[in-house]
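Since the structure comes first, as structure tokens, the remarks are kept for the end.
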Amino acid sequence: MDAFRGYLAAQKGQHNQAASNNPPFHSDHEMHHYGAHPNTNAAPADDYYTPYLGLRARLSQTWINRWTILLLLIIVRLLISLSTINGDIASAKTEALSACTSVENVGSAMASMPHYLSQGVNSMAAAGITKAVNGMMEMLYLTLTGVEEIVLFVIHMMTSTYMCLITLAITGSLQVAIQMIEDVGAFMNKSIDTITGDMSSGLKSFEDDLNGFLSKINIGGIFGSSTSPPKIDLSSEINKLNSIQIDPSTMDADLAKLNASLPTFDQVQNFTDSIIKLPFEEVKKLVNESKIGYKFDDSVFPVPQKKSLTFCSDNTAIQDFFIGLVKTLNIAKKIMLIVLIIAAILACVPMAYREIWGWRSMQRRAALLKAHNYTNELDILYQAHRPYTSQFGLKLSRRFKGQKNQILARWFIAYATSIPALFVLALGMAGLFTCLCQFIILRTIEKEIPALAAEVGDFAEHVVQALNNASEAWALGANSVINNTNTDINENVFGWVNTTTGAINETLNVFTDEMTKALNVTFGGTILYKPIMGVFECLVGLKVAGIEKGLTWVSDHAHVEFPEFQPDVFSLGAAASLTNSTADDNFLANPATSTTDEITDAVVKVGKKLEAVIKQEALISASLVIVYFVIVFIGFVRVVIGMCGRDKSRAEGGSGPGTLYRNGFPHQHLPVIREEKFGSNASDGWHEEHMRAGGDTIRMPFGGDGAADDLPYDGAPAPKYEASIAPVTTEMGSERLGVVPGGRANTNRGPWVRDEKGREGWEADDAQMRATSSYGFLENGDEKSSGWGLPPRRV
């Protein structure tokens, strides 16, 4: 109001006492509208009927103020959006349950896979076991034949080798021994004859000489005896020695007998062959019989039962999820509605206060306008219709210098806050606020999706668990069948091998015993027994021991063990798919979509649909806000151009400004100075004041001659008034800005300048300019040429 009062006071300064010389056609007792109060300075009383709305009528409509209506529109939009979301959630629930049923069917089919796969796996396993056993028996048959021949070959080789060695060694030795004995016998016989002949002749000569010697000496006479000495006669002993003859045939008779009795081991070899071949032939016979009739029966394998999963039917997780989601949305809806309704109700309070304040402000403005006879009808209407923006424009205009800039600043505020512009802005902001509320709802939905995804993950776990249980049960039964097959083969097939190896070892022992017995019979008690037994142990004993050791190893390791089925043979792939993040590997995923599965996708679709609606509405609302800022920018460009450009004068095609001095229009109230009369009396002429403007001075009539310096205005500092420099309309016609070269201008017809150049400068500078100044004064009966008053400013 202070700005408005200052503005009116500036208009009032354009009038002086001359106004009293041009009274209006009507007096102070002018005709009023119906219901008008006779006091022109007071607002109509409340007990009068008026064609305009009073305070109570205005207050009765505060509940339909723009902000409440805007919030109600937002509430309606949210209700429409939430109803759409509820329908989408219901559709998503139906789709999710349908998808869950599909997943349940898929899960049941997956869990029943062991039932379908086991038949083929059982047949394949049975065929594999059959072929493996037949192949093993064929190999066993060939192996037995090979081992049999190898054992016989080794035994034959050893016996033949040993026989050849014995024959070579013993026969050769015996032949040498017999020949040597015969040669020794012949040599001894010949030697004895020669020795005995030589001994006989030698002993004969010795006997003769000894007897002749003894006869010549008288031994008896020496010892006193008459006995004659004995005579030595060795011929009989020599004859006996000469009669000794060695017979070689008697000496090598035993060797010849031994040579004739050397064994050929044919009996041992034949006995060994018959003993060794017997178990081999028996085993081969059994293997051949089993091989022809063996076929593994696949019916002994278990077949799992079909599985029917009911994790959707028995589990209310999806139902609970959507019920909880609807409850969450309802809570959010209630909170938003309560907040918006409270805001809409509370908006009535400041709007009621605004109506009260506006009503009082309008009363004050009406009184001021009526008291000061303000004549700018459009400005009056604008300030009355838009009190807030007009007052803000007045305050903003004070920051600018010059009348034109101040007017343009006020125009910019009026342009930016016009009803159409604010309507566009309000629609845009309301739309953005609605998008914000819907965005909160969208985030609420997205926040609940992980819970549903977790439930879907549990569904997959149920499927894998059922599949794993079926797989484990089938693997347990199948492995039991395989273990029984292993036991049967090891006992019925490789039992023969164990029997055969034991029999072969026993046969080899018998072979060794028979060989030893034959050698004992042949060489027992002879000097060749130990060498022969050493050679036998070296050539045969060690080899037989090695064969027995190998056969023992074969007996210890001759068993079959078919591989067993793993417990996760049917569930391994499904379990692995749960740990893989790619959609193509997840057996519950739909490869055609990028979402994890159809169940969560049903909820995601709701969020995407709402997100698309929010984006569309946000773009529309943002476009409205942008349109508003475009309007503001257009006004700003217009103001900048107006401030920077030069106004055209009337001579250049421009239009002159409206004047405040409408003396030619008697029905207009002029801004007359009513109580403050300057000069010596109330009817003195106008006094002249120098003013600074446009580099030159301008004079305007203020008061009368003899006006004192700084005359008071109701005891307050002198207000500033406004005067037009456009042509002045008076009773004598219309004049342009007057030119007074010097001296006093005894005229009451508007402002004037010193020379023509000054007038042109003023008109060229700004045709719409209005100069303001405080009261001037006279010095020594004449005005000063410069420096009077304050420099003018533009308003």
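Each residue's number is its place along the chain shown, starting with 1.
Note: Cβ is positioned from N, Cα and C throughout, glycine not excepted.
What Swiss-Prot says about this one:
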- 1-66: topological domain 'Extracellular' (TOPO_DOM)
- 11-37: region 'Disordered' (REGION)
- 67-87: transmembrane segment (TRANSMEM)
- 150-170: transmembrane segment (TRANSMEM)
- 171-330: topological domain 'Extracellular' (TOPO_DOM)
- Asn189: N-linked glycosylation site (CARBOHYD)
- Asn259: N-linked glycosylation site (CARBOHYD)
- Asn270: N-linked glycosylation site (CARBOHYD)
- Asn288: N-linked glycosylation site (CARBOHYD)
- 331-351: transmembrane segment (TRANSMEM)
- 422-442: transmembrane segment (TRANSMEM)
- 443-616: topological domain 'Extracellular' (TOPO_DOM)
- Asn469: N-linked glycosylation site (CARBOHYD)
- Asn483: N-linked glycosylation site (CARBOHYD)
- Asn498: N-linked glycosylation site (CARBOHYD)
- Asn505: N-linked glycosylation site (CARBOHYD)
- Asn520: N-linked glycosylation site (CARBOHYD)
- Asn580: N-linked glycosylation site (CARBOHYD)
- 617-637: transmembrane segment (TRANSMEM)
- 736-795: region 'Disordered' (REGION)
- 752-762: compositional bias 'Basic and acidic residues' (COMPBIAS)
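Everything Swiss-Prot records as a feature, shown here on the structure.
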residue : record                      : DSSP class
Asn189  : N-linked glycosylation site : helix
Asn270  : N-linked glycosylation site : helix
Asn288  : N-linked glycosylation site : helix
Asn469  : N-linked glycosylation site : helix
Asn483  : N-linked glycosylation site : helix
Asn520  : N-linked glycosylation site : helix
Contact between the transmembrane segment (67-87) and the transmembrane segment (617-637) (at least 3 Cβ pairs under 8 Å, separation 6+):
no
Calculate the per-residue pLDDT averaged over the topological domain 'Extracellular' (171-330) and state the result as an integer.
70
Using a Cβ cut-off under 8 Å and a sequence separation of 6 or more, which residues in the same chain sit near Asn469 (N-linked glycosylation site)?
none
Report, as numbers and ranges, every residue of the chain located at least six residues beyond the transmembrane segment (422-442) whose Cβ falls under 8 Å of a Cβ in that stretch; write 'none' if there are none.
66, 70, 73-74, 77-78, 81-82, 85, 329, 332, 336, 607, 610-611, 613-614, 617-618, 620-628, 631
Rank aside, I only need the closest one: which of the glycosylation sites Asn288, Asn483, Asn520 has its C-alpha nearest to that of Asn189 (N-linked glycosylation site)?
Asn520
Quick check: of the glycosylation sites listed here (Asn288, Asn483, Asn520), which one has the Cα closest to that of Asn270 (N-linked glycosylation site)?
Asn520
Rounded distance in angstrom between the Cα atoms of Asn288 (N-linked glycosylation site) and Asn520 (N-linked glycosylation site):
42
For Asn483 (N-linked glycosylation site) and Asn520 (N-linked glycosylation site), what Cα-Cα distance in Å is obtained after rounding to a whole number?
52
Including all protein chains shown, what's the count of other C-beta atoms within 10 A of the C-beta of Asn288 (N-linked glycosylation site)?
12
Counting other Cβ atoms within 10 Å, pick out the least crowded of the glycosylation sites Asn189, Asn270.
Asn270
CB within-chain contacts under 8 A for Asn520 (N-linked glycosylation site), separation at least 6:
Tyr529
Neighbouring C-beta atoms (10 Å sphere around the C-beta of Asn483 (N-linked glycosylation site)):
13
